[in-house]
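> Below you'll find the structure I mean.
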Amino acid sequence: MFTGSMVAIITPFDREGRFDEETFRKLIDFQIENGTDVIVPCGTTGESATLDHAEHKKVIKTCIEQVNKRVPVLAGTGSNATSEAIELTRDAKKMGADGALLISPYYNKPSQEGVYRHFKAIADNVALPQVLYNVPGRTGMNMTAATTIRLASHPNVVGIKEASGDLTQASTIIAEAGDQINVISGDDFLTLPMMACGGKGVISVTANILPGEVKAMVTAVNENRYADAKKIHLNLLNLHQAMFIETNPVPVKVAAALMGLCGDHLRLPLVELLPENLASLKKVLSGYGLIQA
């Protein structure tokens, strides 16, 4: 279910900082119309860290309603408190999400045994397909391949979004547990090499603004058209880099705003791009024909 070209969709806000439901619904339609296979609300790119519980539920509920079963919805429900993650995952299930994306505990930096028990507790308590999310650059700790492999045997654990940047780690999971768990790229730069090793797709940032091209590359890999996939991959590199010119999701939200897809409103502590980075972003977007020079 959670394979292919998946988007870590942005959460639009209005000028007063409120969730912009109307624009969010349009963004979802834009994604589905351009071939995106799965919508992932309330992830890192969706600024989930600045949403309160009511807003979190509202974003997921709106997403499920607008998608209307056209594609699966993988709802971000992670927390560094296990009880809170269980609560958020239960809420997502009640609202009709097809699965939950669960970031590994951040800030409190548990041991590998603690990480294992955290995810096992969620999987034991909520009968919903769950995709683990390993992103050491955000959480301050790496979930090892061994820990992921231990969790892969749980019937509710169906995937892992691997954003460690370590192809050896991803390959180890695929080699030892690929028949039990789908390994999904969490880094647009590494989607092609990870899929070449047996990964099942990407949860993409870049797909927010160029979903058709991300889908085309994933499709090319799945159809063993590696020359085509390589061409698309190399063509997208500058755009991938531009999406991380500053902290995600600032560049991608600004890019989407420049393209007229949404406003560029962020919530503190995220702020606007530095002027020189904004100029660089505009140059890249213009080069791809996404905005006028």
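Note that Cβ sites are derived from N, Cα and C of the backbone, with glycine treated the same way.
Take a look at what Swiss-Prot says about it:
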type	residues	note
ACT_SITE	Tyr133	active site, proton donor/acceptor
ACT_SITE	Lys161	active site, schiff-base intermediate with substrate
BINDING	Thr45, Ile203	pyruvate binding site
SITE	Thr44	site 'Part of a proton relay during catalysis'
SITE	Tyr107	site 'Part of a proton relay during catalysis'
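Are these features on the surface or tucked inside, and what touches them?
Tyr133 (active site, proton donor/acceptor) carries a strand DSSP state (E or B).
Secondary structure from DSSP puts Lys161 (active site, schiff-base intermediate with substrate) in a beta strand.
In this structure, Ile203 (pyruvate binding site) is part of a beta strand by DSSP. Under 8 Å, Cβ to Cβ, and six or more positions away along its own chain, Ile203 (pyruvate binding site) finds Met6, Val7, Ala8, Val38, Val40, Gly43, Leu74, Leu101, Lys161, Ile184, Ser185, Gly186.
Look at Thr44 (site 'Part of a proton relay during catalysis'): DSSP puts it in coil. Contacts of Thr44 (site 'Part of a proton relay during catalysis') defined by a Cβ separation under 8 A and a same-chain sequence distance of 6+ are given as Ala8, Ile103, Val135, Arg138, Asn248, Pro249, in order along the sequence.
DSSP classifies Tyr107 (site 'Part of a proton relay during catalysis') as coil under the three-state reduction. Counting Cβ atoms from all protein chains shown, Tyr107 (site 'Part of a proton relay during catalysis') has 8 others lying within 10 Å of its own Cβ.
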> How many Å separate the Cα atoms of Thr45 (pyruvate binding site) and Tyr133 (active site, proton donor/acceptor)?
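Here the two Cα atoms are 13 Å apart.
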> Round to the nearest Å and give the CA-to-CA distance linking Tyr133 (active site, proton donor/acceptor) with Tyr107 (site 'Part of a proton relay during catalysis').
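Answer for this pair: 15 Å between alpha carbons.
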> For Thr45 (pyruvate binding site), what is the tally of other C-beta atoms lying within 10 angstroms of its C-beta?
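For Thr45 (pyruvate binding site), the 10 Å Cβ neighbour count is 24.
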